[in-house]
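Working notes, beginning with the structure itself.
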Amino acid sequence: MSKAKQALYLIVSLLVIIADQLLKNYIVTNFKIGDEKTIIPGVLSFTYLQNDGAAWNIFSGQMILFYLISIAAIAVVIYYLFNPKYKNGLFDTGLALVLGGIIGNFIDRLHLKYVIDMLQLDFIQFNIFNIADSAITVGIILVFIYLIFISEKD
């Protein structure tokens, strides 16, 4: 992979981190825990929560475990992102999104000992999440699309 493409994928990761941290800072500055504000009626609200667990608050309070998993996941994603054997735009974009999401939540865990969540979908019963979580989810979907439908053709 050329250095320009490597830089592009790192920029994608960086944009995820910046957007995630800026929205989290906005929420912390303007909301109290539990406060809710409708953004798009019937679609999206901001609800400020502090999550000291993982998805659905599993493993609540297990910070050492989250640190180790985050560091290992970052290492694995970087390995695949920069390994010339695994090169595909969809795959690499997915990995860049996952990397940005992992780092975005890792920053919270290191600094605050919890993750700030705020995005609530009002049209479906779903947990409150953040931009980093969204990037990880979309990134994993892109990686799976590549692995299931494209990788055999490469």
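For all residues, glycine too, the Cβ spot is worked out from N, Cα and C.
Per Swiss-Prot, active site is recorded for Asp117 (among others). In sequence order, Thr47, Tyr48, Leu49, Gln50, Asn51, Asn127, Ile128, Phe129, Asn130, Asp133 make up the list of same-chain residues 6 or more apart from Asp117 (active site) whose Cβ falls under 8 Å from its Cβ. Asp117 (active site) falls within a strand segment according to DSSP.
In this structure, Asp133 (active site) is part of a helix by DSSP. Per Swiss-Prot, active site is recorded for Asp133 (among others).
Positions annotated as transmembrane segment by Swiss-Prot: 8-28 (among others). For the transmembrane segment (8-28), same-chain residues at least 6 beyond its ends with a Cβ under 8 Å from one of its own Cβ atoms are 46, 48, 81, 92-93, 95-97, 99-101, 103-105, 107-108, 116, 118, 130-132, 135.
The transmembrane segment feature in Swiss-Prot is assigned to 58-78 (among others); the stated evidence is sequence analysis.
What Swiss-Prot records for 88-108 (among others) is transmembrane segment.
The transmembrane segment feature in Swiss-Prot is assigned to 131-151 (among others); the stated evidence is sequence analysis.
Below 8 angstroms of C-beta separation, residues 16-17, 19-20, 23, 55, 88, 90-91, 93-105, 115, 117, 119 of the same chain, each at least six residues beyond the ends of the transmembrane segment (131-151), sit close to that stretch.
Here the Cβ of Asp133 (active site) has 21 other Cβ atoms within 10 Å, regardless of which shown protein chain they belong to.
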